[in-house]
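Note sheet for the following structure.
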Amino acid sequence: MGQGRRMKKQGIPPPLDESLVTRKRKYAPAAPVEEQEKKRRTGAKAPKKAPAVKPANGSGTKSRSKLSKIVALPQPSDNEISSDEKSDEDDVDDPDVMEDELDGVNDEFAESGSDIVDSDTEVRKAGMWSDDEDEDDIEEKLTAANIEGLSRKLDMQRAIEEAEAQAEMEEAAMQTNIAGDKPEVLDDEDEDGRPITNLAAQDLQLLRTRLSDTIRVLDDFKNVAEEGRSRAEYRARMLKDICAYYGYSEYLADKLMDLFTPKEAFAFFEANETPRPVVIRTNTLRTHRRELAQSLINRGVQLEPIGKWSKVGLQIFESNVPLGATPEYLAGHYILQAASSFLPVMALSPQENERVLDMAAAPGGKTTHIAALMKNTGCIFANDSNKQRAKGLIGNIHRLGVKNTIVCNYSALEFPKVIGGFDRILLDAPCSGTGVIAKDASVKTNKTEVDFMKLPHLQKQLILAAIDSVDHASKTGGYIVYSTCSVTVEENEQVVQYALNKRPNVKLVETGLAFGKEGFTRFMGKIFHPSMRLTRRYYPHTYNVDGFFVAKLKKIGPTPPNAIGANGVANANGKQASDKQSEEAIDKTPIVEGGQQDSDFGGWDEEEDQKYMERAERAQLRRKGKNPKTMFGKVKESQNGAEKSSEKKN
């Protein structure tokens, strides 16, 4: 017979399994008082604990296994085991003692309000946490009779929680001065009495804090503004802080602030301090975007498509190689181009076999995009008035494999006279560059009021030249796209409005672009045509692209000789103006007898040409050694004699 279990030391008791306890005490059946007292007395008779002895018949093993799964009995020390060995050996084989011990344990569980659970029987596993127990209780209580009451109780509890959360938020708002606070932002000094300037880093931080407070006041002026202060004072403070913090001239900052609300203006100025993402355009004449992306990824370039609105754009996040020197770039598979430059070409939407004019084409990003959309068919006239910039245009055209483009170097104002009859014209007009301040920070200070008078004047002339160069009878075209990289109204809506007033044979149409803000129909007391909402505006703080403006016009008829003046109002000397226009429309080609002209140039001007002819004859006589005066004197005398004889005959 081997060594019994009672001779071995007990290990660490197993953890209590909560699933073995079936119900809570409140759900246990109430036991009579007499029985509880009797069980207590019975339990008092057996103070000894059940020994861990393996009986021969195995029946005790089953009982002990049940008990061990219910509760972990305290482990006796070595001294207790050695002292009680003798008494235990006497009681092991006594079945009455075992029975009394089991009854004592059962009495302890009965006293605690729980039942003994057999491990062989299936028991529903109770929740381990209080929330689980509450859910189980609700499920047990839920019946068809009390479902309405429980639902009402849950609604009330939810309402109480929401009220408490709202109270906490209001309290937090009061503590952080978000609500009910009236900041003093009109002072030029900080709390220590020092003047706030833009000369030190700590002053810049104070400036930014005051700028944020000013914007908060302007957004909720009625509740947050100081008493006795006007809105104009707060706006003047914001303008001054923006000029000091971001480095703008006061004139330009004021002009840009008029376009937005205070909060949006702050976002616009902040966006101009961060560069726009690097974007490349896939040249579909040589490759596909998927193949190009895979090639660049293999070279360690991190990229992704620019968006669903473009099928050729790729945004570059990080590159281990210079993007302007990769084999793919040199092979003409892509070109570095801003995302906003895609928009005018997408609005123009050129078709195959058309005749297209790009009036300001350099450096060639838009021209090559047009050629890719036309699949190298038709004919593109890429014009630029700057001869040096035209060299870069030619280089990009050759590198990208464009074969349907003619490069010319004319002033765009001459195009109605040089050549016309185009199906579509793209006019990316020269502008102040207020939409690309992130690229050129010098715009902040070098643009004055004179620039915003000269540039719109030039843009108005260019858009009229573009309208006159388009063929209104084109079957597929007759469209003009006007775009600028500026956000000011003087260079955008006012120029388009001038074109609508000066040329009644054009109208604004949808640009076809998937996103963008509508153009202004009212601005600073100026009212534009209702169709101006068809134009699109793009800002760096809303779409993360350069500031841009795109308008699409369609020519619906020939330009009348007596077009209406600017702003649709006749001039004071209307008769003189009409006479001048009619005079300009008159063909001054001299008419020759018989109804035929001497040449295609309209004949000779004999008075002017006679001087050149006489000068050439004198030079020829001198070369022959003759005196021109004597020879011309004889000629004049003979001419005078012929005239006198003819008079006598008459």
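Heads up, the Cβ atoms here are built off N, Cα and C, so glycines get one too.
Annotated features, as they stand in TrEMBL:
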REGION    1-100  region 'Disordered'
COMPBIAS  39-48  compositional bias 'Basic residues'
COMPBIAS  86-100  compositional bias 'Acidic residues'
BINDING   A360, A361, A362, P363, G364, G365, K366, D384, D428  S-adenosyl-L-methionine binding site
ACT_SITE  C485  active site, nucleophile
REGION    569-650  region 'Disordered'
COMPBIAS  577-587  compositional bias 'Basic and acidic residues'
COMPBIAS  610-620  compositional bias 'Basic and acidic residues'
Between the Cα atoms of G364 (S-adenosyl-L-methionine binding site) and C485 (active site, nucleophile), find the distance and write it as a whole number of Å. 16
Rounded Cα distance in angstrom between the residue listed as 'active site, nucleophile' and D428 (S-adenosyl-L-methionine binding site) is 8
Other residues, Cβ within 8 Å of A360, A361, A362, P363, G364, G365, K366, D384, D428 Cβ centroid (S-adenosyl-L-methionine site): D358, T367, A382, R389, L393
Intrachain C-beta neighbours of D428 (S-adenosyl-L-methionine binding site), sequence separation six or more, cut-off 8 angstroms: P344, D358, M359, A360, K366, S483, T484
Can you give me the same-chain residues 6 or more apart in sequence from A362 (S-adenosyl-L-methionine binding site) with a CB-CB distance under 8 Å? D384, N386, R389, A390, G392, L393
Widest Cα pair spacing in Å over the listed S-adenosyl-L-methionine contacts A360, A361, A362, P363, G364, G365, K366, D384, D428 is 13
A correct count of other C-beta atoms within 10 Å of the C-beta of K366 (S-adenosyl-L-methionine binding site) gives 24
Which of A360, C485 has the fewest nearby Cβ atoms, counting only those within 10 Å, among these recorded positions? A360
Please list, for the compositional bias 'Basic and acidic residues' (610-620), how many residues fall into helix, strand and coil according to DSSP. 11 helix, 0 strand, 0 coil
Other than its own, how many Cβ atoms are within 10 Å of the Cβ belonging to G364 (S-adenosyl-L-methionine binding site)? 28
